[in-house]
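Trainee: Starting off with a structure, shown below.
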Amino acid sequence: MNREVVTMSTGNTLPPALAALASPLNDAQLNQLQQTVTQLNAQQLAWVSGYFWGLSQSNALSVPHISAGQTASAASGKLTIIFASQTGNAKGVAQALLKEAQAAGIQAQLFDASDYKGKDLAKETHVIFVASTNGEGEAPDNALALHEFLKSKKAPKLPNLKYGVLGLGDSSYQFFCQTGKDFDQFLENLGAQRLVERLDADVDYQAAATEWRKQVLSILKDELTGAAAVTSVATFAVSQTAESHYSKEQPYTASLSTSQKITGRDSGKDVRHIEIDLADSGITYQPGDALGVWYENRPQLVNALLDSVGLSGHEEVQVDGETLSLHSALTHHYEITAANPQLVAQFAELAQSEKLTSLAQDKEALREYATRTQVIDVLREEKVTLSAIQLLSLLRRLTPRLYSIASSQSEVGEEVHLTVGVVEYEYEGEQRLGGASSFLAHQLEEGAPVKVFVEHNNNFKLPSDDNAPLIMVGPGTGIAPFRSFIQERENRGAAGKNWLLFGDRTFTQDFLYQVEWQKYLKSGVLNRLDVAFSRDQHEKVYVQHRLLEQAELVWQWLQEGAYFYVCGDASRMAKDVHQALITVVEQQGGLNREQAEEYVSELRKAKRYQRDVY
């Protein structure tokens with residue numbers, strides 16, 4: 001892929017009339033413009049044209065004069081920012097750094113890790129990596145190729161490179177911020193020099209990331225002076241207009257249209273088909289994107305939490321400079337459902353709990369305990385009274401829940417559909433519910449407001465070639481994006497074959513969207529459907545077993561250029577499917593295990609093997 005200062009890719013071309021004009025833009029700018037306008041409808045294009053005209057009149061895009069023969073890189077160097085992102089958090093931090101660098105007069109450019117060629121690091125002077133970690137220490141899908149290149153013997157020596165790494169992760173996991181640690185080590189091994197110490201940021205990363213960016217910029221101001229690059233200023237403005245003005249920080253207040261249980265009466269699971277009305281928002285999304293949902297904590301849980309530490313909820317606290325009651329802060333701003341190791345260790349110290357202190361000294365036992373308990377369970381381990389400040393110091397800030405979108409806008413218009421598995425279980429005789437899933441399933445009435453935003457996922461997209469075959473593996477709620485894929489392929493009249501592999505517990509109770517799949521089979525949009533219901537026979541059968549059973553056909557489709565998609569559980573299913581795919585390639589391709597692993601790795605690099613796992 002050509003190196004471009006972009007974060008989206010389409011493969012479309014500019015209208016002939018525009019392409020024929022004598023362009024004052026350089027190649028990078030023209031390519032960025034091309035990839036942006038092809039995403040917009042006529043109304044959006046009209047708005048954008050007016051927006052840029054207004055900017056030109058207000059000199060909002062004015063840049064220092066560059067004389068003939070002088071290049072935009074005439075400053076003492078430039079900053080290259082590379083993001084490795086799975087859910088969009090790293091991308092957001094990288095975009096913020098880009099904007100701040102440009103405002104400081106630093107020439108800066110931004111790259112998706114999948115669009116950056118590792119060998120080009122030898123040409124750089126200053127690079128910042130912002131990297132999230134996927135699953136159990138894996139690099140995000142968009143960074144797999146770069147990650148592999150930098151640890152290989154092909155990577156160039158980098159004695160002239162100065163760098164910084166910001167890692168994003170979740171300390172609940174064993175391999176916390178592993179991808180950031182990897183990039184930091186790779187660059188050090190290649191002879192690069194650290195500008196600043198690596199930051200390993202936890203789930204509530206915003207404040208720490210902001211301070212780290214300030215530290216980086218204070219150093220870069222001394223090292224990178226001169227005019228900001230024309231391409232950087234212009235391309236940032238264009239990329240901003242290509243996105244909806246609604247975001248994680250500024251969500252859209254939509255309304256809940258439908259919350260319908262789609263598992264049977266006797267199912268052990270409650271799975272909901274959710275429809276949300278986006279009318280008049282102007283929000284657009286593509287198959288493969290996710291919807292971020294901001295939720296409120298249940299009043300019953302808030303009250304139980306307050307009671308467990310001897311507080312009334314009327315205490316006043318400061319949240320983001322605003323004075324709120326403690327009850328309101330816990331309802332809207334803090335994570336009070338999922339426990340985490342840091343919470344357990346801090347509460348052990350506050351409560352002087354021998355049991356929890358002993359537990360905190362065993363990392364594996366601590367992690368296991370935090371996984372199976374909720375915040376309320378930890379606080380009830382010891383009967384102590386806390387102040388409001390002490391309680392909030394234990395808690396993480398609330399973060400939105402991301403759900404794979406289960407609809408295509410070409411089919412549903414100004415709606416967005418989700419497939420939500422309600423988290424519900426018992427702990428020591430008491431019911432425990434998930435925060436976001438119970439909010440959507442139980443707390444909201446139809447017509448109630450819900451704050452949402454679209455999180456684009458460029459690492460889980462339909463191929464631009466409508467003739468390409470698709471193999472889609474989506475057990476349980478992992479079926480969601482493939483509903484959007486099939487809707488989109490039908491509406492586009494795509495000729496490519498479609499094969500779906502679905503699995504769950506039982507055929508009669510857990511076959512999600514069964515009627516729809518049968519309709520698509522009958523119409524020919526879906527060419528093949530294989531199912532695995534684990535509890536319908538003595539021996540449990542899962543989707544990976546169906547793959548192995550159909551190994552010859554899987555290999556045939558791959559040889560025909562099929563794209564292979566997996567969505568769902570990262571801890572077991574995705575790993576088992578991955579190993580099954582390698583086995584298929586090994587057996588059917590006549591390769592040894594190492595060669596089969598390399599083949600599958602090449603599929604991922606070519607974006608013919610894409611995963612949306614959690």
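From the backbone N, Cα and C atoms, a Cβ is placed for every residue, glycine too.
Feature table excerpt (Swiss-Prot):
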DOMAIN    79-217  domain 'Flavodoxin-like'
BINDING   85-90, 132-135, 168-177  FMN binding site
DOMAIN    249-463  domain 'FAD-binding FR-type'
BINDING   Thr337, Thr371, 401-404, 419-421, Tyr425, 434-437, Tyr614  FAD binding site
BINDING   Ser534, Arg535, Lys540, Val541, Tyr542, Val543, Gln544, Asp576  NADP(+) binding site
Trainee: Spatially, and counting Cα to Cα, which of the binding-site residues is closest to Tyr403 (FAD binding site)? Options: Gly88, Tyr173, Tyr542, Asp576.
Mentor: Gly88
Trainee: Looking at the binding-site residues Ser132, Gly135, Arg535, Gln544, which has the shortest Cα distance to Tyr614 (FAD binding site)?
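Mentor: Closest by Cα: Gly135.
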Trainee: Which of these binding-site residues is closest to Val543 (NADP(+) binding site) if you go by CA atoms: Gly135, Arg401, Gly434?
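Mentor: The answer is Gly135.
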Trainee: Select the closest residue to Ser534 (NADP(+) binding site) from the following binding-site residues, measuring between CA atoms: Ser85, Asp170, Tyr173, Arg401, Thr419.
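Mentor: Closest by Cα distance to Ser534 (NADP(+) binding site) among the binding-site residues Ser85, Asp170, Tyr173, Arg401, Thr419: Thr419.
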Trainee: CA-CA, which of the binding-site residues Ser85, Asp170, Thr419 lies nearest Lys540 (NADP(+) binding site)?
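Mentor: The answer is Thr419.
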Trainee: Using DSSP, would you call Asp170 (FMN binding site) helix, strand or coil?
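Mentor: DSSP assigns Asp170 (FMN binding site) to coil.
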Trainee: Given a 10 Å Cβ-Cβ cut-off, pick out the one of the binding-site residues Ser85, Thr419, Ser534, Gln544 that has the most other Cβ atoms nearby.
Mentor: Ser85
Trainee: Fewest other Cβ atoms within 10 Å: which of the binding-site residues Ala436, Val541, Val543 wins that one? Let me know.
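Mentor: Candidates: the binding-site residues Ala436, Val541, Val543. Fewest Cβ atoms within 10 Å: Val541.
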Trainee: How many neighbouring Cβ atoms, not counting its own, are there within 10 Å of the Cβ of Gly88 (FMN binding site)?
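Mentor: Gly88 (FMN binding site) is surrounded by 23 other Cβ atoms within 10 Å.
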Trainee: Only counting partners 6 or more residues apart, tell me which same-chain residues put their Cβ under 8 Å from the Cβ of Arg535 (NADP(+) binding site).
Mentor: Arg505, Thr506
Trainee: Validating a neighbour-count step here. Other CB atoms within 10 A of the CB of Lys540 (NADP(+) binding site): how many?
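Mentor: There are 12 such Cβ atoms around Lys540 (NADP(+) binding site).
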Trainee: Neighbour count, 10 Å Cβ-Cβ cut-off, for Gly434 (FAD binding site): what number do you get?
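Mentor: By my count, 20.
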Trainee: Hey, of the binding-site residues listed (Tyr173, Phe176, Tyr403, Tyr542, Tyr614), which one tops the CB count within 10 A?
Mentor: Tyr403
Trainee: Per DSSP, Asp576 (NADP(+) binding site) is which: helix, strand or coil?
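Mentor: DSSP call for Asp576 (NADP(+) binding site): helix.
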